[in-house]
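If you check TrEMBL, you get these features:
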type	residues	note
BINDING	Cys99, Cys102, Cys139, Cys142	Zn(2+) binding site
BINDING	Glu114	Fe cation binding site
Amino acid sequence: MTFSTPAVREVLADRIRAVGLKVTAPRLAVLHTLQNAPHSSAEQVFAGLREELPGTSTQAVYGVLTSFTAAGLVRRFDPAGSPALYECRVGDNHHHVVCVRCGDLRDVDCVIGEAPCLTPSDTSGFSIFAAEVTFTGLCADCQAAVAELEAS
Ligand SMILES: [Zn+2]
Ligand SMILES: [Zn+2]
């Protein structure tokens, strides 16, 4: 594994241990890759670490991501029309804004600052923990591109 410093490796290892998981090379590599490239799909994580960890498989990466998600170390979300994406930013009930034209995806802070930030009109008797919101629209680049298309 190539980490910028041994300290980086230790910080990642501590975070894996903190959620009760054993530290392994694939787990370190997945967490490291995800930290440098948030909102990655399992395929993208696999592509990102294949060189550093030869012999690993997409299946192994899926396995690590699933145990990370179950342990609360990683958050998984499922934007419409895209494979599941993973990120290390957990526990802050943040949301996402997605460009419908180019797929650019960014974090948006929780609308009111704490979960759940939306109150359903009818909870059907559920107690509500969280609300995941995906805002969709056009990013700044795409707004400009569309304006140019329309002007020509
Ligand atoms: Zn866009
Ligand atoms: Zn995010």
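Every residue, even glycine, has its Cβ placed from backbone N, Cα and C.
On the structure: features taken from TrEMBL.
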| residue | record | contacts (Cβ under 8 Å, 6+ apart) |
| --- | --- | --- |
| Cys99 | Zn(2+) binding site | Leu105, Thr136, Gly137, Leu138, Cys139, Cys142 |
| Cys102 | Zn(2+) binding site | Cys139, Asp141, Cys142 |
| Glu114 | Fe cation binding site | Asn93 |
- Item | Chain-mates of Cys99, Cys102, Cys139, Cys142 with C-beta within 8 Å of site centroid, Zn(2+) | Val100, Arg101, Gly103, Asp104, Leu138, Ala140, Asp141, Gln143
- Cβ density check for Cys139 (Zn(2+) binding site), other Cβ within 10 Å (all protein chains) comes to 18
- CB neighbours within 10 A of Cys142 (Zn(2+) binding site), counting all protein chains shown, number 16
- Listed binding-site residues adjacent to ligand 2, that is, members of Cys99, Cys102, Glu114, Cys139, Cys142 whose C-beta is under 6 A away: none
- Secondary-structure category, per DSSP, in which Cys139 (Zn(2+) binding site) falls: coil
